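Reading through the structure tokens given below for one structure.
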Amino acid sequence: MLLCAFQVFFMQSGFAMLEAGTIRMKNMKNIMLKNVIDACVSTVAWWALGYAFAIGECGESAFIGYHNFFASSPSSATYWASWMFGWAFSATSATIISGAMAERARFRAYLVYTCAISAFVYPVVAHWVWSESGWLSARRRPNWNCGVKPIVYEPLIANTMGTMDFAGSGVVHMVGGGAALVGAVLLGPRLGRFNQDGHVIQFANASAAHMALGVFILWLGWYGFNAGSTQCFYGCMLVAASIAVNTTLAAGAGGLTCLFLSVFFGAPGDIGPLLNGILAGAVSITAGCAMVTSYAAVIIGAIGAFVYMGASKLLQRLRIDDPVDAAPVHFFCGAWGVLAVGFFATETFTKAAYGYAADWGVFYGGSGRQLGMQLLGLVCIAAWTCALSFLLFWSLRKAGWLRVDKESEQQGLDIAQGIGSGIRPNCLPCLPCCRQ
């Protein structure tokens, strides 16, 4: 479990590389600084409040946990491993936002919303879906079963599995992606991103090599993210191996489908759609990675590519500027991943993953109640995340803390904020990359 936590934390490197490669070079050091600070802020926030709100204990509130603030009283032999694993997930959810708000957000705003996501917004959703007392949890234990064996799981809504989100399509990716979407809307587009007719002006990426390396690191980290969510070693290897295969297939199918769609609609076969397609497929399979067959993983990943492409085009038509397409990849594909469980989960794999199977996907004989629970969980996660994010970003905007001034944005945040330039020393001002 610790090794998987380390692997998930290494995904921070992937996000940093991907974002630094996607934005313009004049903002590269700024975005790298924000990604590193994210790890530090989320650590303190998770230690002080986040873990206590997220985990809780059997018989506690169905809405939020309230024990072990500041890691004050470790309660079991696996406490610290669970703490580390949860912290890595919390940091991942928070760092998704920085890419959507890149190149024009104030540094102080980044500190505030990273703390809010890690300390409260994400932990509450994690408590709902993953704790022993959460109202959406598949592993919810009734009060009469607290502290006794054998363990009995009894979701709050009878004859369902609660909302099944095995590794976090909703809990992690929808939370981060939803906050990213709201932040991008309230922040507004980058200067010059859209012309008067609403057409998108393409900005040159800083480095395709950074983008590709970042996605490969994320892909590697996803094995710790998904397979590590079994949170056990002995007796779990068959499930973990199946999860790893499904993650691989969905990511590959998403990348190929996205590249095909891009070429089909007349664009050159560029690396950007391929990379985002890989991420779209990986996000889409995260919820159901343990409960679906291998061919279903391919289908889920491929449909995820369609969801990503459609959402990306929709945001552009609405003049919402998301430099790294964080919201299409994480929020929209995360929502599809949660919903896909209600279609593709099998009875056999559900029982292997959770130890019981009260209901499963409609394509495999499920009653349809589970599909309804997946939809309920999706709506509640989206509503909670977007509502709190709106209040947070709206308050920051009213206080003048959200967006940098026009001159700083045009100059580039590296120089404007006094941290030096990310431009290479031998880069001449006459070159296009240095003028952007």
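Yeah, the Cβs are placed from backbone N, Cα and C, and that goes for glycine too.
A quick note: this is a predicted structure, and the numbers were derived from the prediction, not measured.
Database features (TrEMBL):
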type	residues	note
DOMAIN	1-417	domain 'Ammonium transporter AmtB-like'
SIGNAL	1-16	signal peptide
TRANSMEM	78-98	transmembrane segment
TRANSMEM	110-130	transmembrane segment
TRANSMEM	166-188	transmembrane segment
TRANSMEM	200-225	transmembrane segment
TRANSMEM	237-266	transmembrane segment
TRANSMEM	278-309	transmembrane segment
TRANSMEM	329-354	transmembrane segment
TRANSMEM	375-396	transmembrane segment
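For the domain 'Ammonium transporter AmtB-like' (1-417), the model's pLDDT averages out at 94. Listed by sequence, the residues of this chain that lie at least six past the ends of the transmembrane segment (329-354) yet keep a Cβ under 8 A from its Cβ atoms are 96, 138-139, 153, 161, 163-166, 169-170, 172-174, 176-178, 180-181, 230, 238-239, 242, 276, 279-280, 283-288, 290-293, 296, 299-300, 303-304, 307-308, 310-311, 360-366, 370-375, 377-378, 381-382. Distant neighbours of the transmembrane segment (237-266): 166-167, 219, 222-223, 226-227, 229-230, 273-282, 284-286, 288-290, 292, 294, 297-302, 304-306, 308-309, 349, 352-353; these residues of the same chain sit at least 6 beyond its ends, with a Cβ under 8 Å from one of its Cβ atoms. Long-range contacts of the transmembrane segment (278-309) within its own chain (CB-CB distance under 8 A, at least 6 residues past either end) are made by residues 164-170, 172-173, 215, 218-219, 222, 225-227, 229-230, 239, 242-243, 245-247, 249-258, 261-262, 325, 328-330, 332-334, 336-338, 340-341, 344-346, 349-350, 352-353, 360-361. Within the same chain, residues 1-2, 4-6, 8-9, 11-12, 15, 19, 31, 34-35, 38-39, 41-43, 45-47, 50-51, 54-55, 71, 105, 110, 113-114, 117-118, 122-123, 126, 168, 171-173, 175-177, 179-180, 183, 225, 228, 231, 326, 330 sit at least 6 positions outside the transmembrane segment (78-98) and bring their C-beta atoms closer than 8 Å to a C-beta of that stretch. If you look at the transmembrane segment (375-396), the same-chain residues 6 or more away from its ends with a CB under 8 A from one of its CBs are 109, 112-113, 116, 120-121, 124-125, 128-129, 136, 162-163, 165, 170-171, 174-175, 178-179, 181-183, 186-187, 331, 335, 338-339, 342, 402.
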